[in-house]
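Visitor: Pasting the feature list from TrEMBL:
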DOMAIN    78-401  domain 'Protein kinase'
BINDING   K108  ATP binding site
REGION    186-211  region 'Disordered'
REPEAT    826-859  repeat 'TPR'
Amino acid sequence: MSDQSDSQTLCVRVPAAEVPTLRARPQGDSGVVGAGLGAAANDERATRPIRPLAQGGRSPGASDRLERIKVGDVLFGFRLRHPLGQGAFARVFVAQQADLADRPVVLKVSGIEGIEPQTLSRLQHTNIVPIYSVHEDPRAGLRAVCMPYFGGASLSSVLERLWSGEERPTRGAQLVAALKAVGSPASETWSEAPGSRGGSRDPSREQPAEPPSLFSLMGSLGYFKAIAWVVAQLAEGLEHAHQRGVIHRDIKPSNILLSADGQPLLLDFNVSIDATSDADHALLGGTVAYAAPEHLLALALGSLDQFQAVDRRSDIYSLGLVLVESLSGERPFTHNGSYSVPVSQLEAMASDRSKKVPSIRQVRSDVAWSLESIGRRCLDPDPAKRYQHASHLAEDLHQFLEDRPLKYAPELSRVERIRKFFRRNPRLLTFSSVSAVALALFLAVGWAFLGARTRLAETRTRLVEAQARERKRAHDSGVLQCQGLINTILGDESHIRQGIAVCERTLALYALADGRSAQEHPDWVHLAPAERLELAEDRRELLLLLAGARVRLASGDPRELRAALALLDHAEALDSLNPSKALWLDRATYLDQLGNHDGAKAAQGLADQIQPNSARDHYLLAISHARTRSPGGYRKAVAELGEALRLNPRHYWSVMQRGICHMELGEGILAVRDFGICTGLWPEHPWSYFDRAYVLDRSGMKVEAIEDYTAALERAPKFVGALTNRGLVRLELRQYGPALVDFDAALALSKGTAAIRAGRGIALEALGRHGEADSEFREAFRRVAPGPGAERTRFLWTYGFAVADRTPEAAKAAFDEVLRHEPHHPQALYGLAMLSMRGGQLDLALHFFNRVLVTDPRFMQARHGRAIVLARLKDHERASREVDWCLEHQPGAGDSVYTAACVFALAAKVNPDPRMIDKALDHLKRAFDLGTDQVAATDPDLEAIRQDPRFTAILAAAVAARSGDPK
């Protein structure tokens with residue numbers, strides 16, 4: 001192993017003692033989610049999230065095989081002609097069925113999972129897409145469902161086209177025109193893909209193959225009636241499914257087809273359930289933007305009771321949302337997630353939809369009152385007050401189309417009811433009847449004036465409630481920001497300070513000038529009881545978090561400790577909350593640090609009397625234990641988090657916190673497992689990728705760490721910590737150009753911390769731009785605080801490694817300064833060991849390596865260095881034991897395997913045993929396969945195997961494999 005290898009590559013890495021913990025509020029779920037996903041949080045075998053299945057599971061290779069399917073392939077006798085769409089778990093093609101005269105069909109290819117074929121086979125209705133046949137290959141794990149090809153387009157595509165212009169649609173003919181513009185004809189030729197816009201079409205192909213009777217019907221209606229007709233047809237199809245025990249659970253515009261002749265059809269029953277089957281084996285899914293409140297709660301909580309509340313009336317709610325969106329061009333709720341929604345947002349969406357019934361006429365005042373009433377009945381938060389059957393919805397829509405009084409929803413406008421009567425009886429509009437009509441209208445207007453005061457009061461109430469909900473949403477957002485900023489593993493005090501500022505602003509949202517309790521704030525009082533309880537729990541958590549953050553920044557400062565105790569007093573004073581064990585444990589800790597040992601003992605006694613009951617209680621207690629930053633504290637935290645996850649398996653931050661505790665305990669595999677689960681529970685949150693990258697980096701899996709840092713940056717492009725750490729890993733992989741790009745990006749987004757300047761200096765030093773490097777190092781020295789301190793210490797040893805090759809004297813001076821203040825600092829000791837090793841002072845190098853490993857037994861680079869020194873000193877037995885330890889603890893780390901190759905090669909140099917040479921070559925090949933970047937061609941420790949032809953072949957293969965890598 002080259003003596004220079006680690007002197008350049010060991011960079012700014014936060015020591016374990018400096019790594020804070022991440023603790024935050026409940027979050028995380030994906031919008032399309034299974035009831036069993038959260039259980040993976042407690043499965044020791046789980047390393048990454050999986051999609052839960054109703055029965056069985058997808059074969060491991062099914063996903064890969066799906067991706068490999070391409071146009072032109074023949075699958076189950078169908079030739080795939082062109083793609084129609086692709087989802088998370090299936091691909092859809094237009095295909096030719098060879099054994100039936102190449103008739104055009106739709107082929108949906110997926111894994112063998114779900115119950116869609118069994119479901120659809122029972123459904124035969126004009127408004128449900130039927131199944132021709134089902135084909136399965138159990139060995140490949142693939143299923144193909146063959147369905148008729150109707151042409152046309154999804155309702156979502158039609159609505160997007162329809163509402164893309166400035167003019168609001170008012171005529172059914174506009175709906176027909178939009179369908180023709182985006183849809184495909186029913187009679188398909190293979191020269192052009194459906195919906196292709198790549199060139200001009202033959203005008204004859206714009207017309208549907210069948211007589212356009214439905215187009216004529218829709219075109220003759222006004223826009224509102226055309227939409228009412230479409231939804232009525234869908235409601236009839238839905239009633240057919242409900243009568244056969246099938247609940248769709250994913251009704252949305254993209255799952256509704258308007259065929260080429262205008263027929264509305266329901267699609268995609270793949271997340272449907274058989275209401276007559278065992279609910280324990282059902283798959284819970286759906287798209288949250290169109291989900292009923294009870295469906296959202298089921299997705300958030302994952303309990304069987306909540307799951308069973310999702311029934312046919314939930315489908316009616318979803319179809320009502322489709323009706324409202326089609327009529328108004330807007331979704332009626334501001335909370336609209338799609339496929340990656342945290343639990344708190346699911347709960348907020350459920351709460352939002354449980355409090356109000358949206359009004360179509362608030363967006364489009366020209367919508368008929370009958371449609372307003374139908375929409376309200378569909379979207380009532382209480383399932384018992386909705387339409388109880390889809391047939392009831394269909395009947396009311398037909399009543400509207402025929403100008404008849406609604407049967408199941410109330411008539412909201414007497415004037416409109418009178419107009420309906422005369423539209424049904426136009427001959428009554430004679431001169432002799434005008435006076436009677438005028439009298440009726442006068443009376444109706446009179447009633448309207450009498451109701452004006454009531455409506456005004458109702459409007460004021462709604463405004464007050466809306467303001468209260470908006471303030472709570474701001475509070476929810478602040479809680480989430482605080483958790484993410486304060487509880488990170490960056491060790492960056494600026495992050496903590498920013499989090500404290502956000503925390504204080506969030507708490508101020510309910511502050512009253514006269515000093516009264518926040519719970520007396522008008523916007524608090526106007527919330528529903530459940531929301532007030534949630535707000536109180538969040539506020540207590542914020543107060544505990546703020547107290548801990550302030551004490552952490554000013555460790556031992558009596559003023560901050562007293563301020564923290566005052567915050568705990570505010571938290572304790574919140575009404576309606578059960579006593580918090582975590583609060584009293586924190587109080588005991590702060591009192592003890594103030595020297596009030598009697599008070600601390602009393603607080604501890606009270607804490608011992610409180611038993612945590614809820615998932616949140618266990619979670620907060622875990623945070624309190626983890627705050628001690630001791631192995632015992634982390635062990636206790638893991639136990640409490642296990643209990644929290646037993647009560648709430650989908651609690652994102654409990655899984656995250658457990659991962660960080662495992663990381664602090666050196667249990668890297670368990671930490672990676674938990675962070676992997678987090679990426680499934682909340683795929684769009686960058687911190688789970690960042691934390692997993694950090695653990696992978698510390699475990700020697702540098703390439704994988706870069707991938708996860710990149711994933712974090714894809715979700716948060718301005719994540720300075722991820723840019724900085726990715727740059728540092730790239731330095732270790734000698735990718736100096738890309739590392740410099742990362743540091744430049746981090747510098748552009750921040751004030752340029754000493755760490756960023758130092759990293760940039762290291763990259764410039766390695767690129768031979770010594771003048772610029774010296775300038776960066778001077779800037780880093782200027783920015784770092786003078787005198788002893790964590791930031792200056794970190795910069796000094798980083799600088800020492802950067803300049804060790806060019807100015808070893810300056811490097812030694814930097815390491816010595818660190819050791820004057822911290823005699824056991826592992827990185828500084830390691831730096832002196834590497835300098836001694838390079839100078840040929842092997843005994844002195846061994847002395848420093850031994851001191852490093854007494855302080856930090858898991859310092860892997862020091863283990864590598866000690867193994868090489870022992871092998872050079874011909875102590876092959878101890879060198880071999882050192883290598884065995886490294887391979888046991890880092891079996892997948894290329895540098896550990898490379899060290900083993902060097903140790904075996906040095907042994908072969910003393911005793912040219914062919915078996916030892918074979919071992920050295922085998923380990924060298926495996927090291928390159930694992931991605932090590934060591935420069936083997938000139939490494940003196942490999943001299944004994946350099947003349948072997950296999951050595952040359954291994955290096956050539958490694959060079960070829962690296963040819964596409966950034967340098």
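From the backbone N, Cα and C atoms, a Cβ is placed for every residue, glycine too.
Unlike curated records, TrEMBL annotations are generated automatically.
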Visitor: As a quick check of your reading of DSSP, tell me how many residues in the repeat 'TPR' (826-859) are helical, how many are strand and how many are coil.
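Guide: Per DSSP, the residues of the repeat 'TPR' (826-859) fall into 27 helix, 0 strand, 7 coil.
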Visitor: Under a three-state reading of DSSP, tell me whether the residue listed as 'ATP binding site' is helix, strand or coil.
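Guide: Looking at the DSSP assignment, the residue listed as 'ATP binding site' belongs to a strand.
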Visitor: Can you tell me how many other Cβ atoms are located within 10 Å of the Cβ belonging to K108 (ATP binding site)?
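Guide: The answer is 24.
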Visitor: Could you please provide the mean pLDDT value for the repeat 'TPR' (826-859)?
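Guide: Mean pLDDT across the repeat 'TPR' (826-859) comes out at 94.
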